[in-house]
């Protein structure tokens, strides 16, 4: 057994710097845990001259990826450069040379994860990516190890800090979307182009990674039904609150028998659900397992140190596995064929807000349409608008199939009494499992 | 390397049965993860004839602990029998014979943990006890591994399901302590003798285990300042709620520089603190680390399958370490000398409810006493009682030392205007770290 393990780092930005710093600061502890030292042999950078916030030895930096990918002394490659094409080609190259890989790259894993994991499996290599979902929460390890002897049936995640910050401010301070978004951009919580966050794409990547692991089924981004938060209004938040719900952008992965359903959308969760209290830029993942019951893991979703800590804990796992001779065994290749639920098999409660004429017969016209499609109502709130010419009607349904609900939504627009369907959201978290 | 690892089970009640069941159901998965099979060779029972809910081979059961403790083929002893004296003597015996140990026994670990861990360290053996604190939450592993490269400064835990159930019902349904306790006993959520739960002792054991691991400092039960929930009234809950707080029985472990403070008490936490939403019989542990920031882990505190799942994950860790040749390295022997904070070094906010005479000069008498000891007020609520003869005054202080606050509490009773000090609670969770 060698006396040290060599690591190559691809990328040396915020996260890469954090990783090197943690390894330097914890040499003794790592050696004690692993029975050997950890040495960062080479770091791929784009600029050799740039001043760094951490100690780097001369010759440790390189601009040539081959110096890492083709060095037979390097055991593990840590990819923290981001982006898709180069990162993917480097990781493939590393795996082909039988190096183990740790990555923090959710974009890459959501799109090419299954291909890379298959290659890792074929090469008997580890490929770990804890930092790709909610850096400050060890959720992937928990799904694979802590809940290894359990059957997970439901995951719900607040996995995007930007949108959770925006919804929290709108909800607690009664402010409107555009204003809060601008503030978030000024504070650096949202990017100049916030599309990937506010349209739900970032959350969709993460829930597809969680669903793939938790259900052992190869789910990609295309399987996720995605809706962002750009249309959420203060009225929706306020009526939701009155009826006992908090609005959150929730990634949902449900399994029933052998079929699954994966989505991201602004959804209303009951005030007393553990996810309802997850505020500001924080993330949380709620998991229901048949043995363990309800669990939730809460923490920072991003940030230099949380993310770097997750990368280092993956690295420790790879090195432990290497000494055990079991590398590649913990690569989770989906065990089950993908079976997605059809719209008639996806059941949920819904919150619906409409503007209707305030005339006799309005409510019976609505309820007869609902009855026709098996939609029954749990909560009703009606408020007069425009001096009583209009009524604002808020309804919460009992469980109904997505197919029937969407048919009703369409038909509502054809009804004489309905002036406008203002908004519609899933209500989640009242039924466990 | 042997083809299988042998395990001896001490105790075959609910948890022991769950452990055997999980090992039987997951043979293939375990062998794949570990590179060898796991065999439960012997099980210590008190009654050989009792019918069991799980398959047992003939000869697998024994009433003689020596058949496990002195069997050179048994690598790991799993203690799930409970109690202190026998369990301790068996675990010592196992460690002396260089067997690794997994235990679910919080009573034992809180009282004799340091002695047993030292013995394990001396013998190069593992001694793991994940199931002793909040079975459904992998919190000890997270403290040791996930947050290995971090410095933890604060832990707050709701770690007793019975008291959390009682406080939740009192708080949400406006009911009184005795009535809810009786209901909890009838439902099996509280024991016939509820003392260890309601007086805070069970929570104290768990927070001393958490504090010892998180701060790497040998904290025992005697170091925990303990107060139970038996005096909590509906009025306290209701006024707390009006001022923005939820009452929880909270185990607190704080570190500042090299000094620590450990306590268990009913405390008021802000409605928007992650712990405030942890209801019914659920448990949660909130951890603040300098790198990772705020995290919280939520789940079932007890139950057969959550607890057995935790035991099996410890067992997997022992067996991995055995193949790595690093057993004993992860035994955490406290690194720092114990330094407890004195009362003048423990700072907190407090909620105080008093009955005072409703006469001119009352408030200035109170405030001049507060001023004298540096107690300043953040929130004040005054309500007339008994047709205005008395005033119910509820105060929330700014941060003040425990010493000064307790002096003020004593002196309040000597003040002419105060009729009775009704209640006093710590207010926690507003200042991070």
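Quick reminder: no glycine exception, Cβ is built from N, Cα and C everywhere.
For B:10, B:11, B:12, B:13, B:14, B:15, B:16, B:17, the entry in TrEMBL reads NADP(+) binding site. Per TrEMBL, the feature NADPH binding site maps to B:106. According to TrEMBL, the L-homoserine binding site annotation covers B:191. TrEMBL lists B:206 with the feature active site, proton donor. Per TrEMBL, domain 'ACT' is recorded for B:351-426.
Structure with TrEMBL features highlighted.
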residue : record                    : DSSP (3 states)
B:10    : NADP(+) binding site      : strand
B:15    : NADP(+) binding site      : helix
B:106   : NADPH binding site        : helix
B:206   : active site, proton donor : helix
(request) State which of the following binding-site residues has the fewest other Cβ atoms within 10 Å around its Cβ: B:11, B:13, B:16. (result) B:13
(message) Spatially, which candidate from the recorded positions B:106, B:191, B:206 is nearest to residue B:17 (NADP(+) binding site), comparing Cα atoms?
(response) B:106
(request) Go through B:14, B:17, the listed binding-site residues, and name the one with the sparsest Cβ surroundings, counting other Cβ atoms within 10 Å. (result) B:14
(message) For a three-state summary based on DSSP, what are the helix, strand and coil counts in the domain 'ACT' (B:351-426)?
(response) 27 helix, 35 strand, 14 coil
(message) Cβ within 8 Å of the NADP(+) site centroid (B:10, B:11, B:12, B:13, B:14, B:15, B:16, B:17 excluded): which residues?
(response) B:9, B:18, B:19, B:80, B:81
(message) I need the CA-to-CA distance for the residue listed as 'NADPH binding site' versus residue B:13 (NADP(+) binding site), whole Å please.
(response) 16
(request) Sorry to bug you, but what's the C-alpha spacing from the residue listed as 'active site, proton donor' to residue B:10 (NADP(+) binding site), rounded to the closest Å? (result) 22
(request) Counting Cβ neighbours within 10 Å across all chains shown, tell me which of the recorded positions B:106, B:206 comes out on top. (result) B:206
(message) Nearest of the binding-site residues to the residue listed as 'active site, proton donor' by CA-CA distance, picking from B:11, B:12, B:13, B:15, B:16?
(response) B:15
(request) Among B:11, B:12, B:13, these being the binding-site residues, pick the one whose CA is nearest to that of residue B:191 (L-homoserine binding site). (result) B:13
(request) Tell me the Cβ neighbour count for residue B:15 (NADP(+) binding site), meaning other Cβ atoms within 10 Å of its Cβ, over all protein chains shown. (result) 26
(message) Just to confirm: which same-chain residues, 6+ apart in sequence, have a Cβ under 8 Å from the Cβ of residue B:12 (NADP(+) binding site)?
(response) B:20, B:43, B:44, B:45, B:52, B:61, B:80
